[in-house]
Protein chains: 2
Amino acid sequence: MSQSANYVLPPLGLNPSTTAAGTTPGSFARKPTIAPGPEGRYTFASPDTPGMPEPSMKTAWDFLPDGWATFVDAADQATCVSRDPESGLRPYSFKQSDGSTRHVTLDKRWKGFQPVTQLEYARLGIITGPMKRVAEREPHLTPAQVRDEVAAGRMIIPANINHLKYQLDPMAIGRASKTKINANMGASPVSSSTDEEVDKLKWAEKWGADTVMDLSTGGNLDECRAAIIRNSTVPIGTVPIYSMIIGRKLYDLDAETILATLKHQAQQGVDYFTIHAGVLREHLQFVKKRLIGIVSRGGSLLAKWMIDHDAENPMYTLWDDICDVMRGYDVSFSIGDGLRPGGLADATDRAQLAELCTLGELTERAWRKGVQVMIEGPGHVPFDQIEYNMKLQRTLCHGAPFYVLGPLVTDIFPGYDHITSCIGATSAGFHGASMLCYVTPKEHLGLPKKDDVKQGCIAYKIAAHAADVALGIPGSRDRDDELTKARAALNWEKHFELSFDPDTARAYHDEDLDVDTDFCAMCGHDWCSVRISKEIVEFASGKEDGYQWKKAKVTAALTPEQQQILASRGNLSPEEIHKLASKTKKAVGAKEGEKASCHSDYVDDDSAKRLQERSLPLVELNTTN
Amino acid sequence: MSQSANYVLPPLGLNPSTTAAGTTPGSFARKPTIAPGPEGRYTFASPDTPGMPEPSMKTAWDFLPDGWATFVDAADQATCVSRDPESGLRPYSFKQSDGSTRHVTLDKRWKGFQPVTQLEYARLGIITGPMKRVAEREPHLTPAQVRDEVAAGRMIIPANINHLKYQLDPMAIGRASKTKINANMGASPVSSSTDEEVDKLKWAEKWGADTVMDLSTGGNLDECRAAIIRNSTVPIGTVPIYSMIIGRKLYDLDAETILATLKHQAQQGVDYFTIHAGVLREHLQFVKKRLIGIVSRGGSLLAKWMIDHDAENPMYTLWDDICDVMRGYDVSFSIGDGLRPGGLADATDRAQLAELCTLGELTERAWRKGVQVMIEGPGHVPFDQIEYNMKLQRTLCHGAPFYVLGPLVTDIFPGYDHITSCIGATSAGFHGASMLCYVTPKEHLGLPKKDDVKQGCIAYKIAAHAADVALGIPGSRDRDDELTKARAALNWEKHFELSFDPDTARAYHDEDLDVDTDFCAMCGHDWCSVRISKEIVEFASGKEDGYQWKKAKVTAALTPEQQQILASRGNLSPEEIHKLASKTKKAVGAKEGEKASCHSDYVDDDSAKRLQERSLPLVELNTTN
C-alpha cells in the first residue's frame, strides 16, 4: 500500500466554499466568497494577498447631493418619519435586498425633484425598467439587488435616455454582475463610410462585445455616431475631446466648446463619456522621467494644453458643469486615466497613482451630482502589480466599477498583444475590474482589421469568462461543464455547439478527420484516453444521458466560413478544402437542391475507423486483454 | 488646487522592493521577494494569499540515501571531522553560497562511490560543467548557487550523460532560474519521416522551446528518438509507456518490459522520463464521479491495467528499480500526473490531490536514490485555484520543480486553448511552477501543424516571461524597457528588432504604413500621443541617446516570411503584397544584383507625411499653437 495513503491534506483556513457556483464534491478548492462588509453582499471578490490596501468603508451613499440625507434601519422603519420633521417632504423609505430599511430625505430645495439617472432612481428606492432587464439578463441578481448596487455606486447601467428610445438593451457594469468587455471602433480613414462603421459595430456585437467605443477621428464623425447609436443594442462610449479639437487649434479649446460638444453628444444618445479630468498640472512633474511619457491621446492633448496655457486641466475645472450636462441625459462617466503607463517600467508610478487619487475625488463629486461613474485603469502592468492596482482603485474610488485596458504584462510581443493583455485582463477581472477593454493583435502596429477585432474580442471573452468562473459567479461555469460532458461522451457535435467559436473548432477538427469518431482526434483511436475512460465500466465519464451517442457520424459539409478558416491556415490545398465543403453532395449523391442525406446519418464504427486509418494512420495498439 | 493633492497613499506593509529587478523610482509597486526560510534565498516566490498551505520545511537534504549524513555549520568547519569518526571515510565539506559550511559523510557501504547524477555531485559539493553552463546562461545565478539549488532538490539539470556527448546545451528547471517552456512533438502518422521530426525539433527550438518532449506513437520510434537526441541542443523528454505497449497487449505489460524499455531509452540519451507512478489502485474510486474521468494517456492505460489485473500500478511497485536504471544515466524524473483534471469541474478534486500526495512520497524515494525529480501538474484549473495548486505541490513535494500543462482556465474555447491555457500558465509560473508545457490552438481538436507549434510556443514564451518579470528575476525586464524606449523614440527599426517575432511585427506594421514614420501607425501623425509626448520638451520620453533618430525612413522590402504572414491575413491583395516585397528594387531602380540603395536611406519628414496621407488618410489636426 502507498505510504501516503493516510496523509492529511493541509487545511484551507480561508473562505470555505459558500458560493452558489458548483464546487465538485470532495474538492479542496478555495473559492473566493461574496465578501461581507463595506463592499456589500453581492460583490464577488477575490481574497486579498497581505499588504493590499483596505477597502474603502464608504459608498455612493456617503456622497449624496447637498440637502439629501439617509440612514439605514436594520430592524424596521417605525422611526423613519420622526427623524427629519423639518424637511417638510415625505421621506423615501424602502426595503433593501439585505432586509434592512433605507430612509432617504430631501430638504426643501429638492421639492418637485424628478430623478433622471439610474443612480437617482436607485437612491429613491425605485426599480427602473433597465434594472429589471439587467436582472433578467443576469439571473443571479434580483432587480432589488441591482438597484442597491447602483445606489451604492458599485454598479452602473450606462443607458442614455435618448439611446433607450432606439434598440439599446440595458446591461450593467459592476462587481456583482458578470465581467464585461468593450471593443473599440473608429479612428478610421476618411474613406470609411457610415455603413462600414455600422458593419464593424455588428461584427463586434457578434463576437461578444458588451459595449462599443466609437473612437473615430475621421469621416463624418457626427453622422457616423448617430448611425452607430441608432443601430446598436449595446451601450456606446466616446472620447468627446476628439470631436472638440477637430478643425480647431488645440490651444483654442475652451469651456464653451467643451460643454457644447458634450451636450450635443449627450443629446445624440451616447451612453458614456471618457473624460480625462484626472490629469492635473501638478502631476506632470511625475511624468518627466518616464520611459514613455503619456500614451493616452486625451491625456497627451490636455497635458500640452496645460503647458501651453500654464493653466489647470479644463476638464477638471469644469467638472461640476460637465456633471450637470451628463446628468440631464443619464450619460455615465468613464473617468479617463490620462496618465496610464505605456510600458512596464512606468507602471504603478507616482504619476499614475497621483492621478488615481484625483479620480477618487472626481468620483465623489460626480456622485454628489447624481451621475453614474466608472473609472478607467492602466494598460501596462507587470502581473504581480495587478492585484495592487485593482485594490488601490477600490480603496480610492469607493468601489466604483473599474474599466481596464488590458493590462499588458510584457512589452516585447508586438503582434500578440491580445494575448499579453488578456492575461492581465483575467487577473484584473479576478481582482476587481468590472469591464475589460480589448486589445487586438494590431495594437502598437496599426489599425485593427476585421479579423483583429474578432481575435481581440475572443481573447477578452476568455478573460472575462475565466474571471467569472474564478469568482464563483453563480451559473458561470455551467457551459464549461456541459462541454466537458460532451467531450467525455466524445459527442463532437455537441462539443462544437457549446464552443464559443463553433466554426473554428469544427474547421480545425475536420482538417485532420472529417468524421465524428468515438475517439479524440489528437491521439487517434487506440491512444484515446477519453475512449479508454469510457470503456472503464466503473467510471461515469461520458455515459450521461443526453451526451452519450451511439455511433460515429460523418460531419456536415464545411460552410464557407469554415472553408475560409482552413484556407487561411494554409495546411490543406484548395482541392482538399473544396472536397470537405462539397463532399456530402458528391460523395453521397444527394439529389439536386436537397440536403445531402448523410448530414445526420450515423456511420458504423468500422467505417469510422477506416476513415481514421485513411486520414490519420497511426500505429495500432491493442488495449484489450 | 486639487482637493486630493495631499492624499496619502495607503502603505504596503509587505515586501518592500528588495529585488534586483528594476523598480522605477517613485513606484509604489509591491514586488515579490526572494523568500527567506525553507525555500532558500535564491527561490523567487510570490507572496501567499491567506489560507495557502505552508511550505514544507524539508528539502532533498532530508532524503539522503541510507548511510549518508549531513549537517550545516553556520560558523566554520572546525567541528566537522570529529563528528563522524566511525565512518572511516573522509567527510565532504564545502562552503555553500549562503556562507555556511555543509558537511556530508558517507558510511562504509559507500566506499569508492562515484557520483553520476547532478544531484549526487551537488550533494558532495562538486560544481559540474553543466552547473557552470547554467550559471553562464542565467547570469543572476552563480555556479555555487546552482549547485546548492540542485542539492536542495529545488532545481534539476536534465542532462543524460549520453546526451551530453552530442550537442546538449545544459539548462536548469527550478524556481531560482527563469521559467522554462516545453513543446510537445510526435504522436505522428507513420508517414512522418525522421527528417520531418528533426525539422519539427528545430522549429520548436527556433520559437523558444527550452525542452522538447517526443511523444511519438507512430513511425520508426526508435530511429526517430535517436535522431532527435543527436540533433537537439535542448533536453528531450519521453513518456516511455508508449513504447512499452506498441506491438503488445496492454495486459501483457510486465516488469521486464518496463525496465528494459527504460534502460534502452536511457542509453539512447533521453534526459527525462514521464512516469505515471502516482496513480494508485486506491485512487480510482475518486475518479468514478468525475465529469471526464482520466485524460492522461499514461494514466488511463495504467488504470485499465490495474483494473484488469486487480493489482497495484507497476510503475509504483517497481519505483526503486526504475530509480536505479535512471540514476545510471542521470535521467531525471518528470513524475506524471495520471489523474490530472480534464475539465474545470474535475479540478483540485480528491483524485488529483490524492495522487499529488503519492507524488510527494515518490519524490522522497527518488531523492534517496540520487535521482533528480520534477513533478507534473494539472491541465484544467479555474484561475482562483491555481495558487492553491502550486502551493500545495510546494508543500507535498518539498519544493521539487513543478512542470504544469497550461492549465486551461475555461473549457469553452476550443481553437483558442493556447490562450485559455497561457493565462493559467502565467499565474502558475508566478505562484511557483518552474516549467510550462505548451498547449497549441489545435488542443482537443487534432494534431498541431507547424504554425500551431509556433503559436503555442509564443503564447508560452509570453507566459514564462510575464511570470519572470512579475517575480523580479534580475534582468528579466531589461528587454521590455529597451523596447519601451524604442517605442517612445518612435524608432520602428529598433522596435521590431527587440520584438520576440520581428517578422510579424514588421508585416503588421507595413500592412498599413510601409515607412518608419515619426508617429504611431495606430493613431496617425496628428493624433500620436507618443509624438506629442516627445514634443513636450520637459519630458524625457523618446529622447535618450541611441534610441532617438533623425528622420523617417522607408522600410526594407518584405521578406518571404513577412509576405506569407500578410498573405494568410488576407487583408491585402497579392498585388499589394508583391509591391511591398519588391518595392525597393523597382521603385528606386536598384541595379541588378545590388542591394536597393534606399534600404537604409532616410526620407524627409514631408515625404513621410505624404506617405501617411496616401495610405492612411486621417483628418488632419493642428496641435500647435
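Positions of Cβ are set from backbone N, Cα and C atoms, glycine also.
Keep in mind that TrEMBL annotations are predicted by a computer and have not been checked by a curator.
The structure displayed is predicted, hence computed values, not measured ones.
It is B:583-604, from the ranges B:165-186, B:363-384, B:495-516, B:583-604, that TrEMBL records as region 'Disordered'. Among the candidates B:M57, B:M131, B:M213, the residue that TrEMBL names alongside B:N184, B:Y242, B:H276, B:S296, B:R297, B:G298, B:D337, B:G338, B:L339, B:R340, B:E376, B:Y403 for the substrate site is B:M213.
Scoring each of the binding-site residues (B:N184, B:S296) by how many neighbouring Cβ atoms lie within 10 Å, the top position goes to B:S296. For B:G298 (substrate binding site), the nearest of the binding-site residues B:H380, B:C523, B:C528 in terms of C-alpha separation is B:H380. Among the binding-site residues listed here, namely B:H380, B:H444, B:C523, B:C528, B:H444 has its C-alpha nearest to that of B:N184 (substrate binding site).
The local packing around B:Y242 (substrate binding site), expressed as other Cβ atoms within 10 Å of its Cβ over all shown chains, amounts to 23. Across the structure, B:S296 (substrate binding site) and B:C528 ([4Fe-4S] cluster binding site) are spaced 51 Å apart at their Cα atoms.
Ranked by how many other Cβ atoms sit within 10 Å of their Cβ, the binding-site residues B:C523, B:C528 place B:C523 at the bottom.
In the shown protein chains, 34 other C-beta atoms lie within 10 A of the C-beta of B:G338 (substrate binding site). Distance between Cα atoms for B:C523 ([4Fe-4S] cluster binding site) and B:H380 (Zn(2+) binding site): 39 Å, as a whole number. Distances between the Cα of B:Y242 (substrate binding site) and those of the binding-site residues B:H380, B:H444, B:C528 are shortest for B:H444. Most Cβ neighbours within 10 Å among the binding-site residues B:R340, B:H444: this distinction goes to B:R340. B:Y242 (substrate binding site) falls within a helical segment according to DSSP. Taken residue by residue with DSSP, B:G338 (substrate binding site) is part of neither helix nor strand, so it is coil. Filtering the binding-site residues B:N184, B:G338, B:R340, B:Y403 for a Cβ under 8 angstroms from any Cβ of chain A leaves an empty list.
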